[in-house]
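Note sheet for the following structure.
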Ligand code: F6P
């Protein structure tokens, strides 16, 4: 006899290994047919549940699903969509439960970051209030690495590896001609409020003279004069200056250095454009020739240079989510726990969603040097193991062999469209 069905949704900004978590979860459910029936995935995340757009993952053979292990992006579609508080929009939660009920869904797996853990928590509260039996498990994911209760977040290690690698590579480029050409290179990386991604670039610099020479963290106030003085010092001392800037750096009054003016569904300011803003400043105030790059989606989709540690952890949290649900755990998220020994070890343990929801984990001050522009040994010790190991995708005709799932054949709807 098979168990009740499961619903899985990807949420928010994707990562190069989020599909590996989906693979881990689906395999974990398939291995427990007494507990789980069909795993349905939401077409475009939670919107798929609200609109009753469900993908029947049992239709995909193992060979097809295996591509999830090395294909970036969100294989089932993701979304930035905020379910409001239960008091403000109870009908939306009720619609979710109505859809779950119509498809005998007894398990809700939500693969996302801070906001998604909050949503999973709220859904579990409302389901219990409505007397609907529903097991809610969060699956961590965010390149920003800012989730509480877990040592690190799946998705981050691979971005960290990409950013450190790209910074090192660009450093070799600029060093070649800095005597007669470009003196300043600025790379903008993601990380809205937390500087973990920017910090990871520091792994490329074993000595002060190696790039990146400056890292700009969102945890610290941006001071234009101090920044320009330091750029000049690096150019004088090393011949050039490589800067890695978090998209979220802000002036003392809280204004982002690069705010586009657009806000997303969560009310977050859309960022992007720090690099050109800083480059303009450098050009106007120092006269140095500059180049800049915005890593943007390249960084969170760079599966070709993903970290093996990250991939393994992404799979493990997906598998653990299925295991926890089968064991009867409720309202938890598989968290990554770092071992105490000298060499890096990790394990997975459940953390309460209420401890994760809406908390942001920032870079500790002792991970940043006193001058505010580099990482300390403590930060290196934390970051280094997360980028370890290579797990290249298979290549065909010179390109990674990624694959899109056929998402068009949706499960037949049983309900009227939502109002
Ligand atoms: O998911 C986190 C993140 O990658 C942030 O670092 C970044 O600011 C944001 O997503 C970008 O989101 P979007 O793709 O929705 O503009």
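From the backbone N, Cα and C atoms, a Cβ is placed for every residue, glycine too.
Per TrEMBL, the feature domain 'Phosphofructokinase' maps to 9-302.
Among the features that TrEMBL reports, site 'Important for catalytic activity and substrate specificity' is placed at 115.
If you take the C-beta of residue 141 (site 'Important for catalytic activity') and look for same-chain residues 6 or more apart in sequence within under 8 angstroms, you find 10, 11, 12, 15, 18, 21, 111, 112, 113, 153, 154, 155, 314. What TrEMBL lists as site 'Important for catalytic activity' is 141.
Counting only same-chain residues at least 6 apart in sequence, those with a Cβ under 8 Å from the Cβ of residue 298 (substrate binding site) are 162. Per TrEMBL, substrate binding site is recorded for 142, 143, 144, 190, 191, 192, 247, 297, 298, 299, 300.
Taken from TrEMBL, the feature active site, proton acceptor covers 144. Just so you know, the Cβ of residue 144 (substrate binding site) picks up 27 other Cβ atoms within 10 Å once every protein chain is counted.
Closeness to ligand 1 is met by 144, these being the recorded positions among 115, 141, 144, 298 whose Cβ falls under 6 Å from the molecule.
By the criterion of other Cβ atoms within 10 Å of the residue's own Cβ, the least surrounded of the recorded positions 115, 247 is 115. The DSSP secondary structure for residue 300 (substrate binding site) is helix. Within the same chain, residues at least 6 positions away in sequence whose Cβ sits under 8 Å from that of residue 142 (substrate binding site) are 12, 13, 15, 112, 113, 114, 153, 155, 156. The Cβ neighbour count for residue 191 (substrate binding site), using a 10 Å radius and every protein chain shown, is 29. Separating the Cα atoms of residue 247 (substrate binding site) and residue 115 (site 'Important for catalytic activity and substrate specificity') is a whole-number distance of 20 Å. Around the Cβ of residue 300 (substrate binding site), the same chain contributes 13, 14, 15, 16, 72, 143, 155, 159, 190, each under 8 angstroms and 6 or more positions distant in sequence.
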